[in-house]
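*Asks:* For reference, the structure I am asking about is given below.
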Ligand SMILES: Nc1ncnc2c1ncn2[C@@H]1O[C@H](COP(=O)(O)OP(=O)(O)OP(=O)(O)O)[C@@H](O)[C@H]1O
């Protein structure tokens, strides 16, 4: 088996004599069927995933085919390697992990992490059994024997991330450890204990005690399900050189309608799903060269930061249950995206650690770059080499188009789509709602999360808000507009539910992390919401992997296409309504419509519901108007560019149908047509630029560490501490310019700051 490091060196070329680029290597591991998955009728069930091109198994990449045996749905993906049901963990070790160990003795860092749904075999692969040792004992034993030859020493640390907190598993009471940034922006685990290890016996003693401390529990899908992400760090000292191998067993994605989790299990599950969602966002942002990579959205992504777009080798083992098509699609689509990420691996002892620098100019540069304004950037950069100042952000821009792997063997009309990691066969639509007053989705982050979350699950359905069509176009980001349909209902800023769609049996409703807001949202579509919905909501939202991660999320059906009203299956938000949920689960497999109490789906419901239950007076008034006028939904317009002209900034909400395509820059897409005169265009761009800077600034305030905050002009220790305090109550407390008053910054101060940043750029 080829050495991944060697592969990537040759494919990507050297960046410097001791730093080389290396794509995240992604291999697939399909576990055997468990006895409980084999019905008496079918003795040898067919796995939902198969390897195409068996001959190519040892080649540079493999193509896998995922097929749903009950429907005609199927997808193909390219990955680096495939291990089927008959393959033993030893094979994976020999071919994938043993090759990175020599690098550890030369001071490199490497991470091997098992990713997959609950019950897919991650722990089995990492820890193994008595009869079949897993990657952890195999790696340890190889490191120990290499150590003897090299006369080096080995230490291990073992910790878990449970409910977004880190606990040291080598300490008797699994004490909590703090994760801090050092001056250089590197993650430090304060108080983590390291145990020296000289032999396998010693290792087994220490490690097995840690394993017993790790939180596991019985769930509906796995008898012994990990409730935390566990990280075993093996540090090797070889003379003056120190290298490290992280072996990570992630907790699995959980669909709580299938696990039947309740109480604490449900809360754990929400945290697990939330952190895996953050992981998918990081992968998505890296793939799309986004100016900000949301590493800080969870402990997991912070810990994996060096392995995703950083300076560590990374191997992802995507684990699959052969019986679950939906899980397979979810896991493999994320895995396929991950292998496009490029790391810049260098000697841990020599490398200059990137500094986290607060620099509005850099942010603006990144933003311009993401919009394809390269000339401006060249001017801003002067004659600097792109390799200088390799912060994680700048590293991403070194990614060459050629670095995106593709398979010549895969015949697809949408090659770009395939390369982007999305399934080939997808033709589903994205629904984006244009909301005129831009009040709902001013948070770009929430928007990105939403895109990523939905895209990853083939739910090409999304919500956007913008105060004019051009801004909307900018915000659409990676998607291309196919069609625009005017949608004839006005929403005020607090009403998030598209009443009119729900009435058609279509399935969009927005949940807000703030329960009061959710209640308002539901009210606005004629539904009532009470505390007793909380269970159901939490359950639902943890299935969405999203509830606590961002501000607003949309619940939607599984495939993003409209349902016939008669086919819509209500799923109550109320946890008590289990029979309905059960039915919904059976019918929908994944996400499904949920029933808004008081708004049953049926033919009669094709008109707007009674105005008596509706929220704000403005909405009520508008609905009254609409009820008195004939329903008006314009037909789809097929061009990519033309329809946007029809967007109005009056009180309409536009429903835009989008097809997921490989991202293009906003500039490249269609500047023609969305703007009016050149002056309009200039004005629109200027206002977008200002808005983007503001959003970046707010996003930064919402996530930066205290030290980073204090590097901003106008933010001293007290203000930084106050921001951190605000975050304890609401993770993203600052959403708009006026919110800055909460931290005692006047609009004038902020405007001055932006002015200074802009002057710096144009000087
Ligand atoms: N290669 C394999 N051969 C035989 N049994 C396996 C294999 N992989 C997994 N299993 C079995 O499948 C079940 C689930 O595996 P495991 O607990 O490793 O899943 P997991 O992905 O770690 O789940 P969770 O995320 O819930 O912790 C276990 O009973 C395990 O013994």
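Just so you know, glycine gets a Cβ as well, placed from its N, Cα and C.
Below, the features straight out of TrEMBL:
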type: BINDING; residues: 116, 117, 118, 119, 120, 121, 122, 123; note: ATP binding site
type: DOMAIN; residues: 23-341; note: domain 'Kinesin motor'
*Asks:* Using DSSP and collapsing to three states, where does residue 122 (ATP binding site) fall: helix, strand or coil?
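*Replies:* Where residue 122 (ATP binding site) sits, the three-state DSSP reduction gives helix.
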*Asks:* Within 8 Å of the Cβ centroid of the ATP site residues 116, 117, 118, 119, 120, 121, 122, 123, which other residues of the same chain have their Cβ?
*Replies:* 31, 114, 222, 252, 319, 321
*Asks:* Which Cβ among the binding-site residues (116, 119, 121) has the fewest C-beta neighbours inside 10 Å?
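*Replies:* Relative to the other binding-site residues in 116, 119, 121, 121 has the fewest Cβ atoms within 10 Å.
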*Asks:* Could you work out which of the binding-site residues (118, 122) has its C-beta surrounded by the smallest number of other C-beta atoms within 10 A?
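*Replies:* Among the binding-site residues 118, 122, the sparsest Cβ neighbourhood within 10 Å belongs to 118.
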*Asks:* In sequence order, which same-chain residues at least six apart have a C-beta under 8 angstroms from residue 123 (ATP binding site)?
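*Replies:* Once residues fewer than 6 apart are set aside, residue 123 (ATP binding site) is near 114, 134, 224, 226, 249.
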*Asks:* For the binding-site residues 117, 120, which Cβ has the most other Cβ atoms within 10 Å, all shown protein chains included?
*Replies:* 120
